[in-house]
Amino acid sequence: MTTGQLIVVDHAVALLSVVAWSAAGATAALRRTRPALGLLVVAVVVTLARVGTVAVLAGRGWWFVREKVLLGLPLLVTVGAAAVAVAGAHLRTGRHTHRTAVVLLLGTGYAALAGLLTTLVAGYPLTVSTGLIAIAAVGGAALLTARVLDNPPAPTGEPTIERRRFLGAAGGAVVAGAGTTGVGLLFLPSEPAAVDGGGTGQTVSVADLRGAGEPAPGGEVRRYTLTARVATVRLPTGREVEAWTFDGRVPGPPVTATEGDVIEVTLRNTDIGDGVTLHWHGYDVPCGEDGAPGVTQDVVRPGGEFVYRFRADQTGTYWYHTHQASHRGVRRGLFGTLVVTPRDRPADDARRLDLTLPVHTYDDTTVLADPDGRTEHTAAVDTPVRLRVVNTDSVPHRLALAGTPFRVAAVDGRDLNRPGEVVRTALRLPAGGRYDLVFVMPDRPVTLVVDDADAVHVRPGGDAGGPVEDPSGWPELDLLRYGVPAAVPFDADGGDVTRHFTMVLDRGVAMVDGSPAFAQTVNGRGHPSVPDQLVAEGDLVRFTVVNRSLETHPWHLHGHPVLVLSRNGTRAAGSPLWMDTFDVRPGEVWRVAFRATNPGVWMNHCHNLAHAHEGMMLRLRYHGVTTPFHGAHTGA
């Protein structure tokens, strides 16, 4: 059972414990002794099962059980034990159930509910304030229940009644004190989310970290102008949609270059009210060219423009998109592809069919086509074919290549070492990720399938071919075991690591852009309250990324590819796998590393852009680097 499945089971058992204890208490209150005893036995069994699921989860990592072990289970077991001791005796003998027994049974239900809500609403990590509020809520609910169940008052001055009143008042004072303290702690100032660049040396602004001025020998300057504007576009399916576009088309014009060229792009905004920027996804540009509004530049408002300039020293398949309100902007069409080819091309490159294929979903219609919208292509038999698949959505897509064996030549623009040939094998492409698939054209049609639906066809001549093989049952390729191991430039498992950050991804109530929200959180906080990760140039940095939630989080660090070290404690055993976006599925724990060689202030966020908008975003900051730009970073 995966950790994600175990989390679901634990939630289900926790909910059953709420139902079982509450039902036992309600039945006892109705003086139905025998059914109440049976429900009490069920509640105890379910509670023991909950202890078991938590114990198993603890073996997967302390991150998954912290609030359960420190608060939820102790509260449940303590009140439950008292309920068994008091109510059990009454129920076994069939006597009238005392009010205290009913309160304890229902109180155990409240305790079970408090533990579940702490996990689902407060999330990670457990804080003192959360604990006090939870305890106060359980105590308050129990006191209120006792008040409701109280018998009509006896004559004033009767010792039993006076003792009850005293105990009720004392209990109420303790509950009120705990709750007030917990709420007060919530509003204490927290550590600053953004701290000074640090160090005592010179500082540099991201505004000064701009791209190279001249191309490499033999290179040239590739100039583009991209104008953002609203337009009606026709999809390859024939459907027309109102889109946010670059130059009136979706995707935007492809940006291409040869290794060593300088790319210069002038971005203009005609009428996109949210504003726009250009982020070069996966491309390690100087920080001032990164396109993060409020961090590396001001947003380009309608009527404005900004010029990006950088040298294309990094070959491979990449893409660009707006980073302002990108949860809306990218979905509505503000994206395009970036491909940089080697200057020294292979001898067979001239006869290669090289297709760049962004996949994008427009209002539930998923389209996979080249930038001109074509889905039908031809190639002579024995022609080398390269399919550059770019996921521009915020969710993963399942890819399959039917009709031929193939190799995954590159992931996120970076070549794999000696990738083996695979057949009848599917691929999971993370949001923002890219795969380069290569094969030699056979004498039959080849179909690239996305999410088990035909998408792109490559045919030898005019051969229409037969039906496409159903790939829905094909296994997924595990890239951590694909290819052949090779030397890497650092030892991230030894003593060379100089910075280690753990990011626990969860859902919970947190402040996002100054307002309380049920947020997508990093270590219990939402953007911009998540503290910066501070590094120095030359540091070897290791990330541990933990997903406690039930959603997939494609993690994306700007400005740096990361080397995948392990997933769920299992080391990567194939080709060195450098990625700029990796899927952290529910319950997974990824360890990745990189060398800090690109100074700046860099966004580090979930590339499900709705999640980033809801708070799952922070910054990685180099010592001594500052930014003159201000204002909330709207979206990712």
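Every residue gets a Cβ built from N, Cα and C, even glycine.
The model shown is predicted, which means the values in this text are computed figures rather than measured ones.
Listed features, source TrEMBL:
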type: DOMAIN; residues: 232-343; note: domain 'Plastocyanin-like'
type: DOMAIN; residues: 523-621; note: domain 'Plastocyanin-like'
type: TRANSMEM; residues: 12-30; note: transmembrane segment
type: TRANSMEM; residues: 37-63; note: transmembrane segment
type: TRANSMEM; residues: 69-89; note: transmembrane segment
type: TRANSMEM; residues: 101-122; note: transmembrane segment
type: TRANSMEM; residues: 128-146; note: transmembrane segment
type: TRANSMEM; residues: 166-188; note: transmembrane segment
Helix, strand and coil residues within the domain 'Plastocyanin-like' (232-343) as assigned by DSSP: 10 helix, 50 strand, 52 coil
Residue counts (helix, strand, coil, in that order) that DSSP gives for the domain 'Plastocyanin-like' (523-621): 5 helix, 49 strand, 45 coil
Confidence summary (mean pLDDT) of the domain 'Plastocyanin-like' (523-621): 97
Residues from the same chain, set at least six apart from the ends of the transmembrane segment (69-89), whose C-beta lies under 8 A from its own: 14, 17, 21, 24, 28, 36-37, 40, 43-44, 47, 50-51, 54, 58, 97-98, 100-102, 104-105, 107-108, 110-112, 114-116, 118-119, 126, 130-131, 134-135, 138
Beyond the flanks of the transmembrane segment (12-30) by 6 or more, those residues with Cβ under 8 Å of it: 36, 39-40, 42-43, 46-47, 49-50, 53, 72, 76, 80, 83, 87, 91, 97, 101-109, 111-113, 115-116, 119, 149
